[in-house]
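Have a look at the structure below, then the notes.
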Amino acid sequence: MEQCYNRGCGQLFDPQTNNDESCRHHPGEPFFHDAYKGWSCCNKKSVDFTEFLNIKGCTLAKHSNVKPPEPEKPVKDESDKDEVIEVRAPIREALPRPPIDSPLTVIQPTVAPALKDMVFAVKTPAAQKSSDAIEVGTTCKNNGCTYSFTGNSSDFGECTYHPGVPIFHEGMKFWSCCQKRTSDFSQFMAQKGCTYGEHKWVKENDDKKVVQCRYDWHQTATNVVMAIYAKKYDYSQSVIELNPIRLHVNLVFPEQDNARFDLDLELRGIVNVSNASAHMYGTKVEIKLPKLEPGSWSNLNFPNKKLPVVKKSQVEEKKKQEESDEEFFDLDDIKAETSFRLSEMSMQSPNNLD
């Protein structure tokens, strides 16, 4: 008796009685996939190994005492064993750089309460100190205000005035800051101001002093954060302007005769202006510049570059364009028929005017 080596048979057979229908076996290969066990020659499969071994063969043939050849194992190629595969990140195409003279957008900062208290404490003594040099009867320099200096505490009260300029056009007289128009000069002069603020007893000096402030910056994956270290600056007069590649900061220091710190930078990268923000604290100004494209900045700005003159914001440009055809006048240069200056015109009780 000889052993049959056909897959799925495993019986002993007599070579003398061996014929074409003696052996029921599986001519295919066994396979194991996803917990299933089966044969490649038929569709029978099972998850149980015992059931898999008991699956009857699907083909009849003679018994064979020859072992079937083992399936060839794939030859392991070790020729690339020491090869180093370098994976590089895909190169992103850089965004086009906007023009440096693109319109600047004014960033409205969040002001800390401590800074507001500090500025108020600085401005109040300065106003009281300047009152010693103001003569009684001096008219407020704000347009539209007829209040005269009396030397009392009420001189530092609320002022109602026009921040704009007078315009005379096609027989109409009005202020650039509001929409009220009239053809009568007396009504124009008596028109109540549209803005509330403080009285101005002395004209501002155009010769501004310069202050040097230290600034620094750091960056994250999505933002560049800049800090300007300054104290006792007036948040209401200071300006932060930005376009995609340019930052302009102007800080005013009332305690130093309105000296200014002016910083104008061409930024190294491109920023998202709409998401930019600023915070004003008692010891610094912090500006957050969101990156418009991923990547690290090698520096904050391009040093030693001469930048074009700062443009006004789009709103100011539009307003300027609308008023470009109008005629502007300085009220101090206009004389009435009675030969007295309009800025000095007052009634018997000027402080009682509405």
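Backbone N, Cα and C define each Cβ position, glycine as well.
Swiss-Prot lists Cys4, Cys9, His63 as binding Zn(2+) 1, and of Cys23, Cys42 the one it places in that same site is Cys23. Zn(2+) 4 binds Cys177, Cys178, Cys194 as Swiss-Prot records it, and from the list His162, His169 the residue named for this site is His162.
His26 is the residue from His26, His199 that Swiss-Prot records in the Zn(2+) 2 site together with Cys41, Cys42, Cys58. Screening Ser79, Ser153, Ser324 against Swiss-Prot annotations picks out Ser324 (annotated as phosphoserine).
Residue-level annotations in Swiss-Prot identify, among Ser130, Ser148, Ser154, Ser339, Ser339 as phosphoserine. The two recorded residues, His26 (Zn(2+) 2 binding site) and His162 (Zn(2+) 4 binding site), show a Cα separation of 104 Å. The Cβ centroid of His162, Cys177, Cys178, Cys194 marks the Zn(2+) 4 site; residues of that chain outside this set whose Cβ lies within 8 Å of it are Gly144, Pro163, Gly164, Trp175, Ser176, Lys180, Gly193, Thr195, given in sequence order. With respect to Cβ neighbours within 10 Å, the binding-site residues Cys23, Cys177 differ, and Cys177 shows the lowest count. With a cut-off of 8 Å between CB atoms and residues at least 6 apart in sequence, the same chain places Cys140, Asn142, Cys145, Tyr147, Gly193, Tyr196, Gly197, Glu198, His199, Lys200 near Cys159 (Zn(2+) 3 binding site), listed in sequence order. Under DSSP, His26 (Zn(2+) 2 binding site) is assigned to coil, being neither helix nor strand in the three-state scheme.
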